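> What TrEMBL records for this protein is below:
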TRANSMEM  B:40-60  transmembrane segment
TRANSMEM  B:80-97  transmembrane segment
TRANSMEM  B:134-153  transmembrane segment
TRANSMEM  B:159-181  transmembrane segment
TRANSMEM  B:193-212  transmembrane segment
TRANSMEM  B:246-267  transmembrane segment
Amino acid sequence: MAERDSAPRVAERDSAPGAAELRAYRALLGAQARSQAAYRTSFVVDLVGNVGATVFDVVTVLVIFGVTRELGGFTLRETLVVVGLSACGFATADLLVGNIERLPRYVRTGLFDAVLVRPLGALPQLLLMDLPLRKLSRAVFGLAVLLFALVSAGIDWTPGRVALAVVAPLAAVVFFASVFVLTATVSFYWVDSGELANSVTYGGRDFTSYPVTVYGGWFRALFAYGMGFAFVSYHPALALLGRADPLGLPPWAGWAAPGVAVVAAALAALAWRVGVRHYRSTGS
Amino acid sequence: MGSVTATVAPPTGAHVTPWFRTFGAIAAAGFRRHATYRQAAVAGLFTNTVFGFLRCYIFLAATGAAGTVAGYDRAQLATFVWAGQGLLAVIAIWGWTDLADRIRTGEVAADLLRPVHPVTSYLATDLGRAGFAALARLVPPLVIGPFFFAVYVPRHWATVPLFLLSVLLAVVVCFGCRYLVNATAYWLQDVRGPMILWTLGSGVLAGLYFPLGFLPGPLETVLRYATPFPSILQVPLDVLVEREPMSTGLALVGVQAAWVVALLALCRLVQRRAERRLVVQGG
């Protein structure tokens, strides 16, 4: 890697990455890919094991529909669109930035110091240092569930809905990625936060796997609208299916997904910058 | 150096009291060790609570107009979910790799030199850990749940002691499974594969993702009696919510006890076979 700066500098950068930086990132990614593929059997086991987690999420939905005809006023075919959007969005975000959940360990062991003194952005480095290619299988499966759901739901396709079917999963990826980064920044302040982040990341995945009509009270208000999870899968699914929201939001709420995702990304970026600035090394 | 049989012969009758004293001391150490991770316990409790809300709402939605599903009414489902979230930490279903790590690094040699059988000493530590978890992780969800959902209170006085016994057996069954998964490190070094299979299988087959009653009847019966998985989570919960008559509950606890005996015997057998081939480098 080219040593462009000898002096340690604060990691966050305002300028767009230059060609040299992109080369460095590509080198990091290439090294990751090679090292992970080196142990081929382990890699295959990991690929299979990782798809299993998402498979069981879908199986759970199927089993629940084995004992009931509808869930929160939605049929299996309709719910599968919700599941597909959630699974596709979460699995892809988990592949791209899910490893940020290791940040507490990096902070505790002091590895984060090493990341900060390098002349590259801290966040991209952390993501590329350990990009879990084994999670590829999960993302592909999530996409397959979404495609199957979209085909089998009997959607009355219009140009607008085709566009939404493309934009909504991308917005879901951005939203979940933001949630991963946001929750990880907690460890800058509370190193022993342990599985706390899981309650929002994996909790959000479970929440978005079902129509929000299933939930009730302040819990629904908090997760669905306070944190915005309703716009990840539920409202886009309503817009795709052409159903009115039983809870009374207008039909355009499905189109709010990209906007909500952008807001989430902005919040995550802000929280990350504030968090990095707050970071105190644990010492050597 | 010649080969040594590190595992001592089981103590005979005259040594029973010291044996219990040793077991108790190791268990107490396990309790104290885990009692120091208080912040992690609070964070875990928060996560359990969020998932308690999620699963409770989802399962309750499945009851529909009839108000019952798979032999549970709404209150029983709520108790099933909240007690289940608490039990997760007590049985420590996921994340235990202590033994596998020690096998990989060779530190297990120190365990083999001790005058206590490794299965016994790890079990004692685990029971101490479970004791702390029962206080710090099982009680709070049982208190939080009723604030937000109508929960089921056992009707029969004998249910509570039977539930506690069932939880104790569940901890040991879960420990036995985890020990076996970890012990594959003696042969494989890298336990990632078995660990992934265990993590995936245990969550679904133990009744965490959905009560096994949601499955077709014969499938649930096979899982209950022919695999140890329901014994680590579903059985204590079914006992607590009195899903079936007391006699069935007693029978299920009996099945748990049988799994305890079978799994601990298997752990010792696997341990003995492993010690014969274990090579630890260094001096």
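Glycine residues also receive a Cβ, built from the backbone N, Cα and C atoms like all the rest.
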> Using Cβ distances below 8 Å and needing 3 or more such pairs, separated by at least 6 in sequence, tell me whether the transmembrane segment (B:193-212) contacts the transmembrane segment (B:159-181).
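Yes, since the transmembrane segment (B:193-212) and the transmembrane segment (B:159-181) share at least 3 Cβ pairs closer than 8 Å, they count as touching.
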> Taking pairs 6 or more apart in sequence, does the count of Cβ pairs under 8 Å between the transmembrane segment (B:134-153) and the transmembrane segment (B:246-267) hit 3 or more?
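No, the stretches stay apart by this measure.
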> Most CB pairs under 8 Å with the transmembrane segment (B:40-60): which of B:80-97, B:159-181, B:246-267?
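Out of the listed stretches, B:80-97 contacts the transmembrane segment (B:40-60) most.
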> Taking a Cβ cut-off under 8 Å, which residues six or more beyond the ends of the transmembrane segment (B:159-181) line up next to it in the same chain?
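Sequence-remote neighbours of the transmembrane segment (B:159-181) are 87, 90-93, 96, 99-100, 119, 122-123, 126-127, 130, 134, 138, 191, 194-195, 198, 202, 228, 231-233, 235-236, 239-240, 242, 246, 249-250, 252-253, 256-257, 259-260, 263-264, 266-267, 270.
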